[in-house]
Amino acid sequence: MKSDSGQHESTPRAARVKHDARGIAKTALFVVGASFLFGFAMVPIYRIACEHVLGIKLSGEAADAATVAMMKVDESRTIAVEFVASVNSKLPWAFSAEKARIEVHPGALTEVWFDATNESGAAIVGNAVPSVAPSEASPYFNKTECFCFTEQTLEAGESRRMPVRFVVDPQLPAGVKTLTLSYTFYANELATGRLGLVSGSANGVAKN
Amino acid sequence: MRRALAAPALIILGMLASTAASANPQPWQLNMTRGATETSAQVHDIHMIMFWICVVIGVVVFGVMFVAMFRFRKSRGAVAATWSHSTKLEAAWTIIPILILIGSAWPATALLLRMADTSDSEMTIKVTGYQWKWRYEYVDYFGKQPGINFVSSLETQSNRTRQLDSGLDPAAIKVDGVSTYLLDVDKPLVLPAGVKVRFVVTADDVIHAWWVPSLGWKQDAIPGIINSAWTQVDQPGVYRGQCAELCGRDHGFMPIVVKVLPKAEFEQWMTDQAPAPAVEATAITLAPTTAPQG
Amino acid sequence: MAHAAVHDTHHDAHDHKPEGFLHRWLFTTNHKDIGTLYLVFALTMFFVGGSMAMIIRAELFQPGLQLVQPEFFNEMTTIHALVMIFGAVMPAFVGLGNWMIPLQIGAPDMALPRMNNWSFWILPFAFTLLLSTLFMPGAGPQGGWTLYPPLSLQGGNSVAFVIFAIHMMGISSIMGAINIIATILNMRAPGMDLLKMPIFTWTWLITAFLLIAVMPVLAGAVTMLLTDKFFGTSFFNAAGGGDPVMFQHIFWFFGHPEVYIMILPAFGIVSEIIPTFARKPLFGYQAMIYAVASIAFLSFIVWAHHMFTVGMPLGGELYFMYATMLIAIPTGVKVFNWVTTMWEGSMTFETPMLFAIAFVILFTIGGFSGLMLAIVPADFQYHDTYFVVAHFHYVLVTGAIFAIMASVYYWLPKWCGNMYSERWGKIHFWMSVISVNVLFFPQHFLGLAGMPRRIPDYNVAFADFNMISSIGGFWFGASQLLFVGVIVHAVFFSKNRATTRVWEGARGLEWTVPSPAPHHTFSEPPVIDDSMLAHGDVTH
């Protein structure tokens with residue numbers, strides 16, 4: 001055993017060892033790839049876990065009309081619903097709830113109004129992000145109509161009165177007596193940019 | 001090592017003495033404040049329970065270890081035994097910790113349930129974190145909308161002093177003889193005593209955390225999300241805290257001050273503030289578009 | 001048995017090492033050389049990260065800003081953490097694994113030697129990239145090592161550099177981990193059954209599995225940050241329908257196993273050292289392995305205890321509290337087993353043993369504060385305060401780093417063939433252990449009194465303990481120069497030759513090769529004699 005040794009040596013042992021090592025490395029690389037994908041898979045898993053395990057509704061989609069229609073008004077209970085309106089500091093809008101607080105019976109379809117005004121000198125697209133506190137109550141808060149379902153475009157100086165129609169599910173846990181519904185308006189820079197392009201090209205056409 | 005541990009151990013024993021609750025952090029303060037609310041006192045109690053559990057376990061385990069290190073030294077002629085297993089011992093020190101853990105999880109669970117219960121609040125405050133200030137909106141007070149809304153940021157004297165090489169002495173900033181350096185604001189959040197206040201907490205730009213130690217909790221303020229928490233302070237006074245989540249350059253410079261007034265004084269304060277008359281809450285219930293039968 | 005495998009006993013030209021300094025170290029595929037590279041790199045990074053800690057403690061020496069702007073302070077806390085975690089602790093463990101695992105299992109080298117070279121040489125580039133952001137216009141990362149968006153995305157283009165650096169560190173760790181798994185599963189000498197392996201090898205095997213499972217998740221999380229910042233996606237951007245809290249979930253799904261990646265090999269080291277100097281077999285060898293395995297398993301299901309204050313639903317908070325408390329059980333088993341190993345032993349207190357004993361005591365103190373932090377209502381007070389800073393520095397400095405220092409003193413004679421100066425080793429130990437407590441113990445008080453973490457300036461009431469802590473910090477930092485001195489002396493100047501066995505009570509294959517360990521060992525598989533194995537009764 002004078003000569004080179006270790007990995008340079010091609011004894012049967014070294015050869016066998018090397019071959020198996022490749023296999024293990026391949027399996028390990030497969031695990032690595034799988035966990036990298038799992039990192040991204042956590043995005044949908046997070047949503048599913050929130051909505052189905054922890055009972056937090058994240059999506060701002062409209063409630064199913066048929067489900068809402070099935071709900072019976074529970075006159076025996078009164079829930080205070082508070083509305084909180086915020087505008088992200090990067091968006092030059094004013095935004096407020098016409099009523100800061102109302103009392104509703106679960107199951108009753110209720111309409112409230114919000115006012116938004118574009119205080120800048122240009123058209124801007126905004127998106128409202130909803131959030132409900134306590135978060136456990138969010139699946140019981142059904143909106144049939146909401147300005148948060150779509151992008152809102154306000155021309156320079158334009159004001160808009162926007163409705164939200166909602167039903168509080170009579171199944172709402174008994175402990176919850178106050179609900180807070182929050183909307184935060186954010187500038188949708190991408191859509192605003194597109195707006196500029198559209199009007200820009202329109203202007204161009206007009207000049208020609 | 002014994003010496004290294006002796007000093008901290010003595011200090012820990014000194015903790016027993018520090019029971020006086022205070023709204024401000026005290027020089028040489030060793031322990032968590034009992035705070036100003038029932039919740040914060042309970043949080044303090046559970047903290048002390050866990051602390052003493054740890055002390056007892058520590059004394060036993062380190063005690064056995066020091067005895068072993070003293071008795072079984074080679075220099076004292078100790079001869080090594082060869083045993084290396086004991087099912088009884090191993091079972092004992094698996095089961096006993098389980099019992100201790102169950103014992104401590106019980107009160108923790110009860111307290112957590114209490115802290116999470118925001119129902120029956122009589123007042124709602126919306127807290128919004130900005131880089132690097134807080135906005136407070138009085139959303140609701142006994143069904144009325146006070147319409148009060150203001151921004152609270154670090155007061156100017158602290159702000160001047162905290163600049164790099166300002167040459168100003170932080171110790172000079174005092175209120176009633178107690179340092180308020182970096183713990184005072186231009187406009188404090190004013191709350192009534194004895195009222196259950198619900199907070200909805202959110203943020204505008206990055207994540208912040210709203211924390212007043214005397215209230216017994218902190219709540220992260222997260223853009224786009226509102227979280228709720230509550231407190232009920234019975235003792236009027238001034239309670240100070242700070243942003244607790246790294247939020248950029250001036251994270252250390254956005255304090256929180258909560259001024260609790262007796263209810264009557266609070267209502268007076270509210271009338272002085274409110275620009276618009278409060279609106280009575282009413283419900284507008286529409287006839288269901290597709291009326292359920294029956 | 002071993003001398004058959006050994007054909008030379010000294011680092012000299014007959015050793016078939018590649019010629020020339022650069023050539024040898026740059027292209028080496030030898031596990032011992034690569035282990036040395038890792039260890040030297042880790043020590044260097046320990047001082048780089050340490051000097052940032054010195055800046056932090058200097059600024060916090062008294063109230064008011066005296067030295068640095070808050071932006072720079074935030075860069076220091078951020079990069080200090082990244083450098084210490086990914087540059088010092090992890091490479092040190094990979095270096096120890098590289099050096100010792102083949103020796104402990106009787107393998108001639110690592111299973112994939114060329115990949116081994118790669119996984120090391122990525123690191124210097126990764127850290128050059130990371131540290132270069134300090135000099136970039138718009139400055140380096142200031143959002144904390146946890147990189148929480150939206151704050152972490154407020155930085156300039158340096159965000160991209162930090163993320164690429166993290167990708168490279170991740171690739172390096174993953175390759176290192178794959179190599180260790182392949183080596184342990186595949187290269188064990190005949191007769192070295194899994195349940196006869198030394199504990200250090202065992203803990204590394206489990207750590208390596210954690211690494212390949214979670215490092216890619218971190219890579220995914222930071223990739224999403226990258227696309228959010230530069231390519232207009234909205235994974236974490238509330239304005240675009242994303243959720244900033246989701247990042248925290250993904251991050252800590254990586255982050256909690258990561259903290260065990262930094263402590264499990266330390267458990268292994270301490271489980272090697274205590275039996276050696278107690279001259280008694282390790283108590284409950286198999287229980288120790290099961291404990292490590294259960295800690296590793298639990299690490300995957302407790303992540304959200306780092307974020308109790310984000311506003312999780314009650315059910316989530318309760319679950320994560322209970323699951324976290326469970327970790328105390330296997331961790332307790334380990335501590336009890338170490339103490340019982342000492343009982344009825346015949347103990348001597350050389351430097352490695354001193355560090356190992358300090359580890360057991362101080363890590364347990366860190367464990368106690370960890371148990372307190374698990375209690376959600378109390379965590380609402382502790383979270384993001386100096387109490388947490390004290391907690392994780394107890395488990396990482398007096399835990400992971402003390403174990404690394406213990407292992408260096410323990411194995412250095414095997415690496416370089418010379419004994420270190422026991423006198424100076426002990427001086428280093430006592431300086432370190434006293435100063436580290438002066439440094440971190442008062443931080444518990446600061447946190448309980450209400451001082452948030454990551455702030456450059458504070459109220460006057462916090463001044464006294466901050467000053468004490470800073471003094472401890474400078475003292476601890478200076479004491480580490482002794483560590484370098486002891487190592488340099490032992491490697492280059494010590495005349496005191498080490499024997500093959502080095503320590504009277506040492507057991508295991510690494511102590512059957514000569515000191516220093518020759519460049520190539522175990523070219524012929526050793527004959528396994530159970531009495532020489534690990535530390536103990538392999539049947540339990």
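Placement of Cβ uses the backbone N, Cα and C atoms for every residue, glycine included.
Just so you know, TrEMBL annotations never went through curation; they're auto-generated.
Per TrEMBL, the features are as follows:
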- C:25-529: domain 'Cytochrome oxidase subunit I profile' (DOMAIN)
- C:37-58: transmembrane segment (TRANSMEM)
- C:78-99: transmembrane segment (TRANSMEM)
- C:120-139: transmembrane segment (TRANSMEM)
- C:159-187: transmembrane segment (TRANSMEM)
- C:199-226: transmembrane segment (TRANSMEM)
- C:246-270: transmembrane segment (TRANSMEM)
- C:282-306: transmembrane segment (TRANSMEM)
- C:318-340: transmembrane segment (TRANSMEM)
- C:352-376: transmembrane segment (TRANSMEM)
- C:388-412: transmembrane segment (TRANSMEM)
- C:424-445: transmembrane segment (TRANSMEM)
- C:465-493: transmembrane segment (TRANSMEM)
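When each of the listed stretches C:120-139, C:246-270, C:318-340, C:388-412, C:465-493 is scored by C-beta pairs under 8 angstroms to the transmembrane segment (C:199-226), C:246-270 comes out highest. Take the transmembrane segment (C:246-270) and the stretches C:120-139, C:318-340, C:352-376, C:388-412, C:465-493: counting Cβ pairs under 8 Å, C:388-412 has the most.
The transmembrane segment (C:282-306) makes no contact with the transmembrane segment (C:120-139): fewer than 3 of their CB pairs lie within 8 A, with pairs spaced 6 or more apart in sequence. Mean predicted confidence for the domain 'Cytochrome oxidase subunit I profile' (C:25-529): the pLDDT average there is 94.
Remote same-chain residues near the transmembrane segment (C:388-412) are listed as 39, 42, 46, 84, 88-89, 92-93, 96, 99-100, 259, 262-263, 265-267, 269-270, 272-273, 276, 350-353, 355-356, 358-359, 362-363, 365-367, 369-370, 373, 382, 420, 425, 432-433, 436, 439-441, 443-444, 446-447, 453, 483, 487, 490-491, 503, 510 (criterion: CB distance under 8 Å, separation of at least six residues from the stretch ends).
Tertiary proximity for the transmembrane segment (C:424-445) is limited to same-chain residues at least six positions away from its ends with a CB under 8 Å from its CB atoms, namely 57, 350-351, 354-355, 358, 362, 369, 386-387, 389-390, 393-394, 397-398, 402, 405, 409, 465-466, 468-469, 471-473, 475-476, 479-480, 482-483, 485-486, 489.
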